Amino acid sequence: MKKTLSVLFTAFSFCVIGFTQVAFAADLDNGEKVFSANCAACHAGGNNAIMPDKTLKKDVLEANSMNGIDAITYQVTNGKNAMPAFGGRLVDEDIEDAANYVLSQSEKGW
């Protein structure tokens, strides 16, 4: 009985991990589309056309405590300084997907 439960649990875990990775990849694809349509005008290539020292590069995100999904989604939703708020214009899922895309690109070096 224990062995059967162990095998079932292991199989279930692999299924969950597999589905999560597929969903995450799809989220990055959507995030890229959302970013291209809404963010790239100011942040093309991870740069910042308005405030050149506030790029989306990994080291700058870390230095400004913006290297997490919550921090990025909060700023995108609410805006800050010259950055407009996108809450109300974009659904939460699109904002989160764009945040995941930004973090993914920052890890790759844009």
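Placement of Cβ uses the backbone N, Cα and C atoms for every residue, glycine included.
The signal peptide annotation in Swiss-Prot covers 1-25.
Annotation for Met83 (heme c binding site): same-chain Cβ neighbours under 8 Å, separated by at least 6 residues, are Cys42, Ile50, Gln75, Val76. Marked as heme c binding site by Swiss-Prot on the basis of similarity to another entry: Cys39, Cys42, His43, Met83.
In three-state terms derived from DSSP, Met83 (heme c binding site) belongs to an extended strand segment. Apart from the site residues Cys39, Cys42, His43, Met83, the chain places the Cβ of Asn38, Ala40, Ala41, Asn48, Ala49, Ile50 no farther than 8 Å from the centroid of the site's Cβ atoms, the recorded heme c location.
Summarising the environment of Cys42 (heme c binding site), the number of other Cβ atoms within 10 Å of its Cβ, over all protein chains shown, is 14.
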